[in-house]
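TrEMBL annotations:
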COMPBIAS  11-23  compositional bias 'Pro residues'
DOMAIN    31-145  domain 'C-type lectin'
DOMAIN    416-453  domain 'EGF-like'
REGION    1-26  region 'Disordered'
REGION    459-484  region 'Disordered'
TRANSMEM  491-514  transmembrane segment
Amino acid sequence: GLGLGLGGEPEPAPGPGPGPGPAAPSGAQCLEHDCFGIFWAARPFAEASAECERGGGHLMTVRSTVAEDAIALLLQNRSGRLWLGLRLPLPLACTEPAQRLRGFQWVTGDRRTDYSNWAPSERRCGERCVTVSRELRWEERRCEEPADGFLCEYNYAGSCPRLPPAEGLPVTYATPFGARGGDFLALPPGSSAVVPALGLELRCDEEGESEGLRWGRAAPGAWPCRLANGGCEGACGEEGGRPRCSCPDGKVLAPDGRGCSSPCAGAPCQHHCVVADATFLCMCESGYRLAADGSSCEDDDDCAVLPRLCEQVCVNTEGGFECRCHRGYEMLEGRCRPVSRCYEAPCEQRCEDVPGGYRCGCFPGYAVDPRVPTRCLLHCNRSQCPAQCDPHSLSCECPEGFLLDDDADSGQVCVDIDECDMNFCQHNCTNRPGSYECHCHAGYQLLDQNHCVKIPEDDREGEYSGDFGPGPQTPIPSRTPPKAEHLHPGVLVGIAVGALSAALALLALGYHLAKKRCRPPATMDYKCSGPHEKEMGLQPVASGCAA
């Protein structure tokens, strides 16, 4: 029930065993990917391991009960101890009974296992290896002592099933590692099957297009149909005593005369191959056409076949085409559209494409800054406008010349400032939304934004005559003065206080000079004479000192 096969004839229980020399397995069992061989030859552990490696395997690893069942079938109640692929690795000197493998390691270099079956043992030190007996118990023993035999394991990628039994056609099998017999259920690649009654020898190998291993031979064609269908993948028939293979519709006989393959197998088609009865046809992908050789494909010039494929420019590509646009256009949703200059324009709010360029614009409530045409300023052309408020910061802004008025009824509004009430203009004033304009009386002209100067009479009568021109007049600047800035009330107070302080200082200075010119009074006040009087008289006066 394990899917195992036993090859070779049972041998009598071994004696001490022959000395070192080539050994052949006396029996073997195979699974789908693994084979196990039993060798009854007395060898130390190292020599037994080398024997297995010469056959392409290694000493047996027992990682599950399946491998244990294989050992039981191989032993067939024969007594003796056989080496397994377990060894205490150096420099580890002692066993560890608490561990599953007791510190031992498989010859494959790992300690992976789902199974163990140790005989009772205490901790031991020194170079130790493991054997298995008829009771299937694992025992520790010295590696240099010969055991009664050893078990080898061989791993393969796949296997061939044994040939189906045919009356009067016994088969003998031989494995690559030297095991021979007729009772194998699976054979590894490289195995042979000999049928003496037909003078036929087959080999387990990969054949044709079939995935996996099959029994075959070097000579093409079928063998007698009563043995494994003559090796035919399809049907096997005999005409005139000669076996012949045939294949179902849509397939043709492979070169070996036994397998069946598609007519497209090995076909020279560059793109696609289509089966047509027992032959094939080559086909090309869209955008290509079949060349004159019937197998390769050539690119179609789609732009030449359909000249109006694209709106502006058509470029043929390998297996297709590509639509492009002229300079100054770009592809948008499959159509060529003029390139918008607004993509790179520095407009702050709005942009409009115009022939040869772009033009900046502003949202309602804003106007283009005349000094910087790409910027926008808050703008209102009437006496009252809604304020521009930020819903996140709850702050509102008004254009220049307006004040924010929080009206409970209408909300945040901007109200125009009447600059004419501030007496900025020297003569007449006209208020405008956000600004004002000054006007001069007749005979005067505007000097700057606010002030007026008299127009000279001679400017109206023509040029002056005589040697001298008119007297000095107030100069008129050649360029408009900067806008007058209104003084803060604090500045006006400072100027007034400064003027008063200067006046007081002058009065104090005059009093001090006058006092220096008078002599200090004695018991009476005297009148002081002028500096040019030669004689000075003393006269009593009522009070004070006259100079």
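A Cβ is built for glycine as well, from the same backbone N, Cα and C atoms used for every other residue.
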Within the domain 'EGF-like' (416-453), residues counted as helix, strand or coil by DSSP: 4 helix, 16 strand, 18 coil
Counts by DSSP class (helix H/G/I, strand E/B, coil) across the domain 'C-type lectin' (31-145): 21 helix, 30 strand, 64 coil
PLDDT averaged over the residues of the domain 'C-type lectin' (31-145): 91
